[in-house]
C-alpha cells in the first residue's frame, strides 16, 4: 500500500510522533476509455483474454493486493454519474454529520461534567475497598487496569478508534465480505452508496502496513491534540474531518474524471497533524532516524501542504492528495476560526439539553448541575 511519512520527535529527545502518513488507496486509478482491437492471432485462454481486456494501470497499492486478498471493484460508472449534481447528497450529508458530531460532543461533555462529582465519590469508595481487600497475585484483569490507567487521556481516547480500524481490517480478510466492504468501506463519487462510505472509509485499511502507519501517527499525536481540544471536542473534529476530507476528494475526483475508490484515515489524521502544528508552530521536530536535523512544526506543515498541492495540480495518482489537503485545511481552519465559531457557541444547545434532562423523570427540578 502506498504511503509516505516522516518520523518526527521533539528536539529535547522525546519521540513525539510520526508526523505524516499519507494515502487513501486507489484501487482504480483511471477509467478505461474505448475498446482495444483484438489481434487476429492469439492463443490466450478465454479467461486470460477477458482479464487482459479489463487490465488497468497498476499502482503500488494494487501490487501489494496481488499478494493477498484483492477486493473486486464496482464496474465503471456512466458519464451521468460524473456530473456535479451527484455531489449534492454528499454535501448535505457532510454538513449534517458535522453538525450532529459537534452537537453530540457538546452533550457528551455536559453529561461527563455532571457525573464527575458522583464518580469521584465512587472512586474514593473503590480505592478504600481495594486497600482492605486481599490482593490477588497474577490477576490479568488487574494488570490490564494498571496498563489502562497508565495511559494518557488522549491515548485512552484513540484506543477505540484503533480497535475499530483493526476490526474493519479483519473484515477485509473475509472473502464473503468483499462486495460489502468495497461498496460501503471505500469512497467514490461514482459508487451507488456515496454517503455512508464517507465516514466508514475513514476506518478502513486494506494493507496492514497502511493501517499500522496511520494508527501509529494517531497514537503518537493523541496526547497533544486531546490536551488541546479535550476528549469530546477531539472526537467531533476527528469524525468530521474524515467526512469533510472525503467530500473534498469527491469534488476533485468529479472535476478530473478520476472516479476510483479510496480508503484510509489519512484525511482525518492530516486534520490532527495540522491542528497540532498550527497550535504549536515553534515546536522543534526532527526526523527520528536523523535527529541532528531539526525543524519547526510550522515548517513541516507547510512542506506537507505544498507537496499535496503540487500532487493535486500535477495529477499525481500515488496518493489521494485532495483528501490530504481537505483534512489539513480543515485542521488549520478549525484552530483559527472553527473553535470560536462552533465549540464556544454550544451553550444554547447545552441549555436546551439541560432543561430536557431536569424536566424528565427523576430530573430533580430545574437546578443546574
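Placement of Cβ uses the backbone N, Cα and C atoms for every residue, glycine included.
Any TrEMBL annotation is an automated prediction that lacks curation.
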Residues flagged as transmembrane segment in TrEMBL, choosing from 318-336, 337-355: 318-336
Listed range which TrEMBL flags as transmembrane segment, given the options 214-232, 233-251: 233-251
37-78, 79-120 - the one TrEMBL records as region 'Disordered': 37-78
Local confidence of the prediction over the domain 'Peptidase S54 rhomboid' (198-339), expressed as mean pLDDT: 88
Listed stretch, out of 157-174, 194-213, 233-251, 318-336, that has the most CB pairs under 8 angstroms to the transmembrane segment (92-110): 233-251
DSSP-assigned states of the domain 'Peptidase S54 rhomboid' (198-339) in counts, ordered helix, strand, coil: 105 helix, 12 strand, 25 coil
Distal contacts, the transmembrane segment (157-174) - CB-CB under 8 A, six or more residues away: 69, 71, 151, 181, 185, 200, 203-206, 208, 211, 214-215, 218-219, 222, 226, 231, 234-235, 238, 265
